[in-house]
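Copied from TrEMBL, the annotated features are:
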type	residues	note
DOMAIN	42-75	domain 'Connexin N-terminal'
DOMAIN	141-208	domain 'Connexin cysteine-rich'
TRANSMEM	20-39	transmembrane segment
TRANSMEM	77-97	transmembrane segment
TRANSMEM	128-150	transmembrane segment
TRANSMEM	185-209	transmembrane segment
Amino acid sequence: MNWGVFEGLLSGVNKYSTAFGRIWLSLVFIFRLLVYVVAAERVWSDDHKDFDCNTRQPGCANVCFDHFFPVSHIRLWALQLILVTCPSLLVIMHVAYREAKEQRHRAAGGDDCRCIYPNPGKKRGGLWWTYLLSLVFKAGVDIVFLYIFYRFYRNYALPRLVKCELPPCPNVVDCFISRPTEKNIFTLFMVVTACICVMLSLVEAAYLIGKRCRECLL
């Protein structure tokens, strides 16, 4: 993985974020992305291979694994991280659009013309709405994925033993999950960090709205 890309993205988003946004970015990139890449992928790398059932019936273990683990934690987390960081890219693209428009305006009218955007990165007008909607979208993505995890894996916990009686299993089969305690610890960590990110996004949105209302009143 090219960490220079993420470092550039982090510095670019930080440039236009509030204090709450900088804390959110640090939490996502340091505690969620790094934990996912460095540790979580390795923990779940053997989930299918080491899913042991006390039967040799062909196809039974595969059917039981698909029933109890319809979507891998790793793939859900990867999709969650991709979707939750996309709004930050939209903010950067909006600022870049403003800067390009300002450059074209200066080129057409000369250096003495009135600026369209004296500070393109200042959250005013359309950029304010883009930033606010990005916060709502980020919080919504995390909430939706927390709900998906809860529906697929009740209480976000993996049991040590599951009993399966789906065809082609000959009877009730006991199946054992690989390293359930370690996986539960990582799942709890990712759930807690996602909840903190949701709170930070909502607090930042409330801060932006409150600041705008105060400016309008004054």
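Cβ atoms are placed via backbone N, Cα and C, with glycine included.
Cβ atoms under 8 Å from those of the transmembrane segment (185-209) belong to residues 18, 20-21, 23-24, 27-28, 31-32, 35-36, 39-40, 43, 73, 77, 80, 84, 123, 128, 131-132, 135-136, 138-139, 142-143, 145-146, 149, 153, 156-158 of the same chain, restricted to positions at least 6 beyond its ends.
Residues 36, 149, 152-153, 162, 164, 166-170, 173-179, 182-183, 186-187 of the same chain lie 6+ residues outside the domain 'Connexin N-terminal' (42-75) yet bring a C-beta within less than 8 angstroms of a C-beta in it. Residue counts for the domain 'Connexin N-terminal' (42-75) by DSSP state, with H, G and I taken as helix and E and B as strand, are 14 helix, 2 strand, 18 coil.
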